[in-house]
């Protein structure tokens, strides 16, 4: 009985000091893009986008979500990417409070 209690205590201590336990509830998983597409995505296939500007990622990127729920990383400096973001912004404006 004493061995199982000690083992349980060690497991709890290990879980408390694991990297996930130390990050706290405010941490959010970071999505990074490691390769960027060079191909222009047709506007009718795009559903939404989000910008990746985290300092934890190797490069800034835009992730487009297609209507088929596929995520595609693109270079935010490219003109077609900027035009696509403007198109999506006009298509679904943010609701006013």
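Every residue number used here counts from 1 along the chain in the order it is shown.
Positions of Cβ are set from backbone N, Cα and C atoms, glycine also.
According to Swiss-Prot, the features are:
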type	residues	note
SIGNAL	1-23	signal peptide
DISULFID	32-57	disulfide bond
DISULFID	33-73	disulfide bond
CARBOHYD	94	O-linked glycosylation site
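Set side by side, the disulfide-bonded residues 33, 57 differ in how many other CB atoms lie within 10 angstroms of their CB, and the most is found at 33.
Counting neighbouring Cβ atoms within 10 Å of each of the disulfide-bonded residues (32, 73), the lowest count belongs to 32.
Taking the C-alpha positions, the distance from residue 57 (disulfide bond) to residue 73 (disulfide bond) comes to 13 Å. The distance from the Cα of residue 73 (disulfide bond) to the Cα of residue 32 (disulfide bond) comes to 9 Å.
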